[in-house]
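Asker: The annotation ATP binding site is assigned in Swiss-Prot to GLY155, GLY156, ALA157, GLY158, VAL159, GLY160, LYS161, THR162.
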Amino acid sequence: MSNGTIVQCIGAVVDIQFPRDNMPKIYEALTLVDEGSSFAEKGLTLEVQQQLGDGVVRTIALGSSDGLRRGMQVAGTGAPISVPVGHGTLGRIMDVLGRPIDEAGPIASDEKRAIHQPAPRFDELSPSVELLETGIKVIDLVCPFAKGGKVGLFGGAGVGKTVNMMELINNIAKQHSGLSVFAGVGERTREGNDFYHEMEESNVLDKVAMVFGQMNEPPGNRLRVALTGLTMAEKFRDEGRDILFFVDNIYRYTLAGTEVSALLGRMPSAVGYQPTLAEEMGVLQERITSTKTGSITSIQAVYVPADDLTDPSPATTFQHLDSTVVLSRDIAALGIYPAVDPLDSSSRQLDPQVVGEEHYQVARGVQQTLQRYKELRDIIAILGMDELSPEDKQAVARARKIQRFLSQPFYVAEVFTGSPGKYVSLAETIRGFKMIVDGECDALPEQAFYMVGTIDEAFEKAKKLQ
């Protein structure tokens with residue numbers, strides 16, 4: 001292991017001169033040994049990104065570069081960033097380097113793994129068609145999740161990605177007796193704090209490992225924190241377990257890559273993103289997969305800049321997912337939560353051979369009715385309901401009931417809404433929507449379907465409204 005000297009600092013990018021015959025490899029971790037400034041973070045870790053030649057390497061600082069100056073000494077570690085893995089990580093909050101940030105002492109783990117790992121080989125993969133029930137009607141009906149699959153929650157600012165993610169954690173992680181890993185990538189510290197207390201109150205903290213790289217941290221931390229969380233999840237998977245891996249938010253991972261790319265002097269591509277966008281996304285997503293030994297079911301929140309799904313970042317994420325749950329601002333504006341768009345959301349599992357003929361027909365019937373209502377909306381706005389044919393009037397009435405029945409009170413939002421959360425089984429969800437589509441609820445007022453769980457609750461609410 002050789003020592004080097006800092007020759008240039010530009011923000012998070014630091015150039016270091018090493019002896020020509022002993023340069024560190026790409027992705028090797030380096031540590032600051034010279035504490036020549038009271039500002040500089042002790043033992044600051046830097047990751048090699050480029051070899052510029054003549055003994056100079058370009059690195060990204062995984063921490064604040066405040067207080068760094070030319071001439072400071074840096075030592076090579078001879079290995080990539082390695083983080084603790086295994087049972088010692090459960091119930092703990094760690095940073096990108098696997099250091100504890102919950103003030104609960106050191107992490108009791110004997111094994112460390114490098115955060116850069118190859119994706120499983122093609123012959124090791126194991127596709128799954130087993131459904132994962134979430135208890136959220138709109139998701140179970142229109143875009144069902146597969147165990148060991150990848151799910152994306154797409155939405156702009158403030159339409160409920162994190163609340164939906166928390167509800168899924170509440171419904172799946174608490175029911176699912178397995179282990180979970182949560183990677184907070186560039187999100188608000190407050191949300192990480194809320195998540196920790198939520199897990200603590202529900203007594204599942206000892207089954208969750210948490211890794212956070214928040215908004216206020218340098219781009220190097222935000223770029224690598226998803227890999228840190230994934231490395232911990234992979235260890236559990238390789239032990240033969242079924243793991244839940246939550247990432248909030250994949251867009252911030254891309255954004256950190258954009259910041260790093262610009263600092264490294266690469267030419268930007270479309271909309272200012274890094275030219276390696278597809279490759280960086282692929283490196284992460286190809287590792288989030290299920291093998292013959294165990295499975296990783298991943299649920300990822302994806303911020304959609306300016307509500308534009310064609311933006312390169314969400315568009316690149318789409319192709320890696322099995323289910324896409326699209327949250328719509330228009331639906332949120334109607335006061336319908338979860339604000340999932342049933343016409344935009346899709347799933348590979350929505351196939352009669354996987355979900356069964358009845359589920360498939362009911363889901364398609366719901367989508368057809370809503371699509372017809374969408375087509376008629378302009379006519380209604382101009383001419384009013386009276387100009388519609390009886391069939392269209394009936395379709396509109398049913399669509400409005402379906403739209404309201406797709407809403408549901410959440411457990412995690414009880415404190416805000418005052419109404420208790422509801423978990424609806426898949427069988428109840430199918431039965432309820434089948435009754436509406438078949439016209440068995442035509443006599444009920446549409447208000448009866450708003451914010452209820454099962455169809456029986458809608459009938460009870462209708463009696464109270466009369």
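Cβ atoms here come from the backbone N, Cα and C positions, even for glycine.
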Asker: Which residues, in sequence order, are found in the same chain with Cβ within 8 Å of the centroid defined by the Cβ atoms of GLY155, GLY156, ALA157, GLY158, VAL159, GLY160, LYS161, THR162 at the ATP site, excluding those residues themselves?
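Answerer: Near the ATP site, the remaining chain residues are TYR303, LEU327, ALA332.
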Asker: I'd like the number of other C-beta atoms within 10 A of the C-beta of GLY158 (ATP binding site), please.
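Answerer: Total other Cβ atoms inside 10 Å, all chains included: 10.
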Asker: For GLY156 (ATP binding site), name the DSSP secondary structure in the helix/strand/coil scheme.
Answerer: coil
Asker: Around the C-beta of GLY156 (ATP binding site), how many further C-beta atoms are within 10 angstroms, looking at every protein chain?
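Answerer: Step by step: centre on the Cβ of GLY156 (ATP binding site), count other Cβ atoms within 10 Å, giving 17.
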Asker: Given the binding-site residues ALA157, VAL159, which one has the fewest other C-beta atoms within 10 angstroms of its C-beta?
Answerer: ALA157
Asker: If you count, for each of the binding-site residues GLY155, GLY160, the other Cβ atoms lying within 10 Å of its Cβ, which residue has the minimum?
Answerer: GLY160
